[in-house]
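Here's the structure, in structure tokens; my notes come after.
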Amino acid sequence: MPTVEELYRNYGILADATEQVGQHKDAYQVILDGVKGGTKEKRLAAQFIPKFFKHFPELADSAINAQLDLCEDEDVSIRRQAIKELPQFATGENLPRVADILTQLLQTDDSAEFNLVNNALLSIFKMDAKGTLGGLFSQILQGEDIVRERAIKFLSTKLKTLPDEVLTKEVEELILTESKKVLEDVTGEEFVLFMKILSGLKSLQTVSGRQQLVELVAEQADLEQAFSPSDPDCVDRLLQCTRQAVPLFSKNVHSTRFVTYFCEQVLPNLSTLTTPVEGLDIQLEVLKLLAEMSSFCGDMEKLETNLRKLFDKLLEYMPLPPEEAENGENAGNEEPKLQFSYVECLLYSFHQLGRKLPDFLTAKLNAEKLKDFKIRLQYFARGLQVYIRQLRLALQGKTGEALKTEENKIKVVALKITNNINVLIKDLFHIPPSYKSTVTLSWKPVQKVEIGQKRTSEDTSSGSPPKKSPGGPKRDARQIYNPPSGKYSSNLSNFNYERSLQGK
């Protein structure tokens, strides 16, 4: 093992040789042997090996292996020095190997070391993006779980910081190709991260790019397979995939496949859905997603059939008035309760799809069914008016801090929901029914997004196909209030949210 003095002497030989460095192979071998010495010798070797690496291609493997030994040394200061110098080995055919090594080193728990690895990866990314991606994806596909996890997070956080001259169209195509391989077997959280990566690529910001992403999500959602409402993994996967798809839809990128699947497979099984997460109102969550997608549904093959399924489901939540005895009192039937949150979603979805078949209520339903529907609408509208007046009275004169209390936040949301339902019911009362009114769903930002405008992909905390529990989609901070799913009914029960309307 060489001493410190021998290392300096051989360094001097190489430094003084200028253009004839490659003739002093023995001197470079002495420096390589420095990795077997003590702490001081290793520190010097960590600096000297990369400095002359390019002059000895025949010793490339030995040099990289020597530096890798230092990257795994017990002494953290030696590891840091060795990692810092790794980009100097990233030349030609060695670069993918260096990228592979650096990706493996992401598993370190030392924060300073972790930052060095990140910086080194970014450094070689700028030298050769394709080669670096080769190393990263190699570990994502075949590496240890911790390495895979951190490599994916590296891509999801660092790609967006790279300039356009690094992320060329060819590089983005490689990212898409490799990502598709990974997406064949991913956890929920990984799926969400990859959607974040892909939706951020410049080449996928176009209409055709967004369409590619929607098809990718549809494949993950397994829309060709029958829906299994009792399987929490199946429910979870559909929820998370749909959450990822919703921000991609626009007037040019249609939600038709998803809306069709929801109408045909999910709505008929709504009451038997197994919730994948405790405390989640799974039925309301599904109806919210359907409502958001319905605005961007294109031409549907079985429109009348699916509209009828949606209509039938709406009827379940729009009760008939209770029968009255001769004296005008309740005849003993239980007073119906109005589930406003559900009705907002279903009525909005029906209103959106109904535009595509405007004579559905007048020509496709028989007179008796239409009369029944009008009675239900009228009863619901009567209850709405009572409740809207109560809410407005309760919120009258309240501003600033007063509106920030939990109770008042809930009332504000309830007012948005009931106002939306009121507008939609008025449309359907027209003769013939009208589908012209526009409302903003109660949980969405008040500020409208132009139909053709690009929307930013929503991020989620974790998600599924099919192994992870879902985290709800991140909502826009501009909205007034958005309580967790199911909170409307439970918390507003104290404020007669699901109102009994007998005698009103």
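All positions are counted from 1 along the displayed chain.
Placed from the backbone N, Cα and C atoms, the Cβ positions cover glycine too.
As annotated by Swiss-Prot, region 'ARM-like and Heat-like helical repeats' applies to 1-360, with the evidence given as similarity to another entry.
In the three-state DSSP scheme, Lys251 (N6-acetyllysine) is classed as coil. According to Swiss-Prot, the N6-acetyllysine annotation covers Lys251.
Averaged over the region 'Leucine-zipper' (370-391), the predicted model reaches a pLDDT of 92. The region 'Leucine-zipper' annotation in Swiss-Prot covers 370-391.
Per Swiss-Prot, phosphothreonine is recorded for Thr399. A coil conformation is recorded for Thr399 (phosphothreonine) in the three-state DSSP classification, outside any helix or strand. Neighbour list (Thr399 (phosphothreonine), Cβ cut-off 8 Å, at least 6 residues apart, same chain): empty.
Summarising the annotation, Swiss-Prot assigns region 'Disordered' to 452-504.
Annotated motif 'Nuclear localization signal' per Swiss-Prot: 454-475, in sequence order.
Annotation source Swiss-Prot lists phosphoserine at Ser462 (among others), citing similarity to another entry.
Positions annotated as phosphoserine by Swiss-Prot: Ser464 (among others).
Positions annotated as phosphoserine by Swiss-Prot, on the basis of a large-scale study or a structure entry: Ser469 (among others).
For 487-504, the entry in Swiss-Prot reads compositional bias 'Polar residues'.
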Practice task
Report, as numbers and ranges, every residue of the chain located at least six residues beyond the region 'Leucine-zipper' (370-391) whose Cβ falls under 8 Å of a Cβ in that stretch; write 'none' if there are none.
Solution key: 315, 318-321, 338, 340, 343, 361-362, 411, 414-415, 418-419, 421-422, 425-426, 428-429, 496, 499, 501, 504
Completion exercise
Counting every protein chain shown, other Cβ atoms within 10 Å of the Cβ of Lys251 (N6-acetyllysine) number 13
